[in-house]
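In Swiss-Prot this protein carries:
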BINDING   G152, G153, A154, G155, V156, G157, K158, T159  ATP binding site
Amino acid sequence: MKGIISQVMGPVVDVDFKDYLPKINEAIEVNFTVEGNTHKLILETAAHLGDNRVRTIAMDMSEGLTRGLDAIALGSPISVPVGEKVLGRIFNVIGDLIDEGEEEKFDKKWSIHRDPPAFEDQSTKSEIFETGIKVVDLLAPYAKGGKVGLFGGAGVGKTVIIMELIHNVAFKHSGYSVFAGVGERTREGNDLYNEMKESGVLDKVALCYGQMNEPPGARNRIALTGLTMAEYFRDEMGLDVLMFIDNIFRFSQSGSEMSALLGRIPSAVGYQPTLASEMGRLQERITSTKKGSITSVQAVYVPADDLTDPAPATVFAHLDATTVLNRAIAEKGIYPAVDPLDSTSRMLDPQILGEEHYKIARGVQAVLQKYKDLQDIIAILGMDELSEEDKLTVDRARKIEKYLSQPFFVAEVFTGSPGKYVSLEETIAGFKGILEGKYDQLPENAFYMVGNIDEAIAKAEKMRA
């Protein structure tokens, strides 16, 4: 059905139809020419203004659009390619390839606006999602089909953890991952693509990018594009998929820009009045069903370090676990720089993990907390002033700290150490031994950058030789 553009206000475009009214979220296509180049622009219907006029949000730059241009209603929402063919490729918000690779014909396409799975289809089992990363599996384990927040400043290693998770899911669980770059820097997206290519995980992951320079419509809907691809793997192929959203804050931020452009009255701190429901719609689709699961890791930017800001506060309500990266730990050379005391998980429960895992996790945290409390005394008076018991606690805490480091597969290029995947059983056994004092005689450097505890013992013997 043909309409005519009646008004262009940046990323917001009004279209008049004669005897047809596009539904909310229906896609509308506009073809126009700028300086001899033909452009295709997709608009998404956002509001009905009366008299068959609709207000739409542009999914790309609207420079060169003029009033009077023809706009064709496509009769359905934006649909994007799904299935195994999407692996190893980069898509934009409307599902077009943007990686300069060869053109591909996609026979399967799904609408990006979908209902979350029905209650009776959802799985209520609490299962642990083994990542092979010691610090995560022991202290803040991920739930299968759960949502994890990855908090950290610039350069602390968020991207490396994301790539390691993609690697471990691909090689240990032979699973697929989907990465949605929401309001990302183009450079970071490019780096991620090249690093994945080098580390050999690219053919197990689909990438969807809506970069920082794009209009708010593209930055907002790109999260749904990625999620739709992940849903296909879960619902049609019965797989356990890993879904990365970097950065979930930009999803709320672009929603707030769209809301203002559409003329809605803002709520707290200028955010859209529908912030909680938009976030809920996205997050409710990320879940476990009886067929498969989507486990999501979402990087969360906290504006001005204010955790009470409505955008991060809305995300918190949905998270099952938080992985907090700490610059102070990275400065000690301990990678992954996950803070063992700040990271949390609802899975840390004896009924889910079992008594032994829970006891050891809490024991490790208690030793590290005691060490933290003693640090002021050590700084002022030195180790000699501590009681024998405290000296032993400090010694074990330093070993635990070192043992929480781990060589990553995707970091082999710059560490020179082969990556290690440590199973949950090995992780628990290793930390249990340290807490019980089995390895008190080993030097603490033997625990640095190793996989399981046997490697630490072998390293200690090598150091003695």
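Glycine too: its Cβ is placed from the backbone N, Cα and C atoms.
Sitting within 8 Å of the Cβ centre of G152, G153, A154, G155, V156, G157, K158, T159, and not among those site residues for ATP, are the Cβ atoms of L325, A330, A337.
With every protein chain in view, the residue among the binding-site residues A154, V156 whose Cβ has the most Cβ partners within 10 Å turns out to be V156.
Taking Cβ-Cβ distances under 8 Å and a sequence gap of 6 or more within the same chain, the neighbours of G152 (ATP binding site) are K158, A299, V324, L325, N326, A337. Secondary structure from DSSP puts T159 (ATP binding site) in a helix. Each of the binding-site residues G153, G155, G157 was scored by the number of other CB atoms within 10 Å of its CB, and the largest score is that of G157. Contacts of T159 (ATP binding site) defined by a Cβ separation under 8 A and a same-chain sequence distance of 6+ are given as E188, D191, L192, E195, D246, in order along the sequence.
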